[in-house]
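Visitor: Take this structure first; my questions come after.
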Amino acid sequence: MTRGIEIRTSPHLKRVVTVDKIMRTVVLALLPIAAFAVWQFGLSALLLLVTTTGVAVLTEWWFARASGRGNTVADWSAVITGLLLGLTLPPGFPLWMAAVAAFVGIALGKALFGGLGYNVMNPALVGRAFVQAAFPVAITTWTPAFAPGRFTEVIPSTLTAPFMQPIAVDDWIAGLNLDGWSGATPLALQKFEHIETPILDSFTGMIAGSAGETSALLILICGLWLAWQRMLDWRIPVSVMAGAVLMALPFWLLDPSLYPSPWFVLCSGGLMLAAWFMASDMVASPVTAKGVVIYGLFIGALTVIIRLFGGLPEGVMYAILLGNAVGPLISSWTQPRVYGAK
Amino acid sequence: MLCVLCAFAVPITAVSPVMKHQTAALSSNDVPNTGHDSLIQRISMGLTRLLNGHKTFDHGIYPIEHKELTAGKPIRRLPFADELIIPLQQHKGRASLPMVKVGQEVVRGEPIAVADQFVSVPMHAPATGIIRAISLTTTAEGPKAPAIILKVYHAASQQVLYGSEQDIEQMDAQAIIQAVQDAGLVGLGGGAFPSHVKLQPPPGCEIQTLLVNGCECEPYLTCDHRIMLEQTELLLRGIRIALRATGAQRAIIGVEDNKLDAVSHLRARIPAHLPITVEAVQTKYPQGAEKMLITALLGMEVPAGGLPAEIGVAVFNVGTLAQMGELVPQGRGLIERVVTVSGPAVKNPGNFLVPIGTPVRFLLDQVGLNGPLGQVILGGPMMGMAVASLDVPVTKSVSGVVALEPEDPTLARRQVYPCIKCGECLKACPVSLNPSMLGELAVAREYGVMAEQFNLDQCFECGCCAFVCPSNIPLTQYFRIAKSINRDAQRREAAKHH
C-alpha cells in the first residue's frame with residue numbers, strides 16, 4: 001500500500017443533494033413561469049427579467065468579492081432572487097428602476113447580513129419593497145397582456161432613461177385600440193370598484209398584472225413539481241393559502257358584493273407566486289414543523305387583511321416581509337418536543 | 001454500531017453506572033410515558049403504520065443499504081493471524097486486569113485478564129499460543145492503549161479446552177449474571193456495554209419485556225442477519241437465558257422488513273411454549289438504535305437521561321444473545337465473533353467468524369482488495385469509526401469492517417455552504433432535536449447553551465443530520481466536539497469543588 005488510508009469522521013455516507021442543486025432546481029421551476037410572462041407581455045418582460053437577474057448576479061458577485069467570501073454566484077441563489085423580483089414587477093417597469101430594485105435586494109437584503117443563509121428577509125421582496133416606496137407611480141402602471149406586436153416593440157416605459165420619470169404609456173395603450181381595457185388589475189378592480197374578474201381568467205393568466213404573477217394555474221403546477229422534487233416545503237404554501245382562505249371566507253359570507261370570494265383571493269395578485277416561491281424561501285422561513293404552519297397561516301391571513309383594509313390593493317409582499325421578521329420568534333416558540341422529554 | 005446508544009445511556013465518567021441507575025430509579029414509579037402527547041402525532045403514526053404495514057419511529061433516513069453484497073454469504077471461519085492483539089479495554093466500564101505474564105503459554109479459551117469490579121469483563125485467549133508482550137498498541141479510537149499480544153501456535157489443534165458445562169435450568173438469576181460476566185460478554189452490536197450489567201436491573205426497576213435487536217440498520221452490515229438465519233438455536237437459547245436472568249415475561253425480536261426471510265425463519269423455529277415473538281419493523285435508519293426500537297415496538301419512550309430499565313425494558317443485540325446461548329451453558333469465554341467484511345474496495349466480501357484480536361490488515365488480506373484503499377471503517381458507515389492504521393485489531397464490538405475506495409476528488413472538494421434553514425435535519429433527527437440551531441450555536445461556540453436549552457445530551461451521534469444536510473455542514477462532528485468540551489468543563493468544575 002503506497003498511499004495512506006483516508007480518515008474522516010462519521011457519518012461516512014452522505015446524501016447527494018447540495019445547496020446549489022436545490023437552487024438550480026428552483027430556477028428550473030421558475031423558468032416556465034418566466035417563459036409564460038415573456039409570451040404574455042413580450043419583449044419588455046424579457047428585458048425586465050434579464051435586467052433583474054443580471055444585476056442581481058453582478059451585485060452578488062461584487063459583494064462576495066469585496067467581502068472575500070469567494071465566488072458565491074455558483075450557488076445560484078442570486079439567480080432566484082433576480083428572477084423572482086422580475087416576475088413581481090409590472091411588465092412595463094423602467095429597466096433602470098428594475099436594476100435599482102435588484103441591487104437593493106441583494107445588497108441590503110442579503111449581502112449586508114452576510115450572504116446566503118444569513119438574510120432575515122427574502123431579498124427579492126426587499127428589493128421590491130424599496131422600489132414600491134421609491135417609485136409609486138411606475139410600480140402601479142399596468143399594461144395589457146397579449147398586446148399586438150409585443151415581440152417586436154417594447155412598452156415605451158421600459159426604456160426610460162436612468163434617473164428619469166417613467167415615460168407615460170397612456171397614448172401607447174390607446175394606440176393599441178383594445179376593448180375594455182381599464183388600466184387596472186383584477187385586484188384593484190375588486191378593491192375599488194367591487195368588480196370581480198372571472199375566476200378562470202385569473203387562474204389561467206389572461207389578465208393584466210405583474211410579469212409573472214398572472215397565471216395561478218402555471219405557478220401551482222411549477223410549485224407542485226418543486227414540492228414533488230422535495231426541494232420545497234409544501235406545508236408553507238398550503239398554510240399560506242389556507243390562511244388566506246380562512247381570513248377571506250367570513251367577510252365574503254357577510255357581503256359577497258363588497259368582499260372578494262376566497263377563490264378570487266387565491267388566484268389574484270401575487271398570492272400564488274408568493275405562497276409557492278417566496279414565503280417558502282428556506283432561509284427566511286422557520287425550520288420547525290409547527291413553526292412553518294403558523295408562519296404560513298400568518299402570512300395568508302395578513303395578506304387578506306392588508307388587501308381588504310389597507311391602502312394598497314395587494315398585501316402579500318408586506319405580509320411575507322413581516323412573516324420573515326417574526327420567523328425566528330416563531331421558531332423559538334415552536335421548538336420540537338425532544339424524545340423522552342416529560 | 002447501533003447499540004452505541006447504550007454507550008450514551010451510560011457515559012464513561014467518574015460516576016459509576018450502577019449509581020446512576022439508583023438515582024434515576026427514584027422517578028421510575030410513574031406510569032410509563034407513552035411518548036405520543038398529541039392527537040395529531042397519534043393519528044400520523046397510525047396512518048404511517050397503516051400505509052407501510054410495519055411499525056417504526058418518527059423521522060430517520062433511508063441510506064442505500066448495500067446489503068446485497070454479503071446478505072447471501074454464509075458465515076465462514078478464517079485462519080488465525082500470526083499475532084493477535086487483545087486490548088484490555090474493549091468494553092464500556094473499567095479496563096480488564098491482565099493475569100498472564102510475558103512468555104506464558106495459553107490455550108484457546110483460557111482467561112488471560114480478569115474483570116476489574118462489576119462494570120468490567122474478563123478476556124480470554126482467542127487462540128493457543130504464547131504471550132509475546134503486554135504493551136501499548138494502536139487502537140481504533142486513536143490513543144494508544146494497553147493490550148495483550150498473543151503469538152499464535154499455528155501447529156496447535158486450536159481446540160477450546162477451557163470451560164465447564166453448566167445446566168442453565170438449575171441456575172438462578174445471580175448465577176447466570178455471574179456466568180455472563182465470566183464469559184466476557186459485551187454488547188456485540190457495537191455498544192460494547194457489559195451484558196451482565198444490563199441483565200441486572202437497577203434497584204426499583206423491574207424488567208417486563210426483553211427486546212431482541214435484529215434490526216441491523218447500518219448499511220453494508222449483514223452479520224446479525226446471518227446469525228438469525230444460521231445460529232437460530234443458539235439465539236433462542238440465549239433469549240431463554242436472558243429471560244431467566246431478568247425475570248422478563250416476554251421477549252420480542254425486532255427485525256427490519258428488509259430481512260423478512262429471517263422473520264419467517266425465526267417464527268418457524270420458536271417453540272410454541274416460549275413467550276417469544278418476532279416483529280418486522282420498517283427498514284429505516286437508525287431503527288436499530290435502542291430508543292428507536294423501543295418506540296417502534298412498544299410505543300414507549302425512554303425518559304430523557306434515563307435507562308430503558310426504567311420503563312421495564314432491556315434491549316440485547318441478536319449477536320450478543322447468540323453468544324450468550326453458546327458460551328454460558330459451556331462455561332466458556334468470548335473469543336470470536338461474526339464480522340461483515342464488505343465495501344466497494346473489497347474483492348470477496350462476506351461474513352466471517354473472526355478471532356478477537358485479529359488485525360484489520362490480516363482480515364483485508366484474506367478477502368482481497370479491488371484497488372487502492374480509501375477509508376477503512378470499523379462498524380457501519382453511519383456510526384463507525386475510520387481507522388488511522390490497519391494494525392488495529394477487531395475487538396468485541398466490531399460488527400463490520402467496511403473498506404471504501406479513495407474518495408472521489410469532486411466529492412472531496414465539496415463546499416460547505418452556510419445553513420440555509422431548509423429544515424431537513426429536523427425532519428431526520430430521530431430524537432427530534434433542532435440540529436440546525438445546534439449547528440449555529442456550535443459555530444458560535446455556545447456549547448453551554450446547546451446542552452442547557454437545546455438538549456445536546458440527547459444526541460447519540462447517529463449521523464442523520466449530517467447525512468441529509470445539503471450545505472454539507474459536519475453537524476455530527478460539531479456535536480461530538482461540543483459534548484466533549486462540555487464534559488471537560490464539567491470535570492474541571494467537579495475538580496474545583498474537591
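The backbone N, Cα and C atoms fix where each Cβ goes, glycine too.
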Visitor: According to TrEMBL, B:Cys419, B:Cys422, B:Cys425 bind [4Fe-4S] cluster 1; so which of B:Cys217, B:Cys223, B:Cys469 is the extra one listed there?
Guide: B:Cys469
Visitor: Quick check for the class: what is the C-alpha distance, in angstrom and rounded, between B:Cys425 ([4Fe-4S] cluster 1 binding site) and B:Cys462 ([4Fe-4S] cluster 2 binding site)?
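Guide: Pair distance, Cα basis, whole Å: 12 Å.
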Visitor: How far is it from B:Cys422 ([4Fe-4S] cluster 1 binding site) to B:Cys459 ([4Fe-4S] cluster 2 binding site), counting Cα to Cα, in Å?
Guide: 20
Visitor: With CB distance below 8 Å as the criterion, list the binding-site residues among B:Cys419, B:Cys459, B:Cys465 that sit near chain A.
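Guide: Qualifying residues, whose Cβ lies under 8 Å from chain A: B:Cys419.
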Visitor: Have a look around B:Cys459 ([4Fe-4S] cluster 2 binding site) and count the other CB atoms within 10 A of its CB, chains all included.
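Guide: If we count other Cβ atoms within 10 Å of B:Cys459 ([4Fe-4S] cluster 2 binding site), we arrive at 25.
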Visitor: Taking the Cα atoms as reference points, how far is B:Cys419 ([4Fe-4S] cluster 1 binding site) from B:Cys465 ([4Fe-4S] cluster 2 binding site) in Å?
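Guide: It is 12 Å, counting Cα to Cα.
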Visitor: State which of the following binding-site residues has the fewest other Cβ atoms within 10 Å around its Cβ: B:Cys422, B:Cys425, B:Cys429, B:Cys469.
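Guide: The binding-site residues B:Cys422, B:Cys425, B:Cys429, B:Cys469 were compared, and B:Cys422 has the fewest Cβ atoms within 10 Å.
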Visitor: Using the recorded [4Fe-4S] cluster 1 site (B:Cys419, B:Cys422, B:Cys425, B:Cys469) as reference, state which further residues of the same chain have their Cβ within 8 Å of the centre of those residues' Cβ atoms, listed in sequence order.
Guide: B:Ile420, B:Lys421, B:Gly423, B:Glu424, B:Pro435, B:Ser436, B:Gly439, B:Cys465, B:Val468, B:Pro470, B:Ser471, B:Ile473, B:Leu475
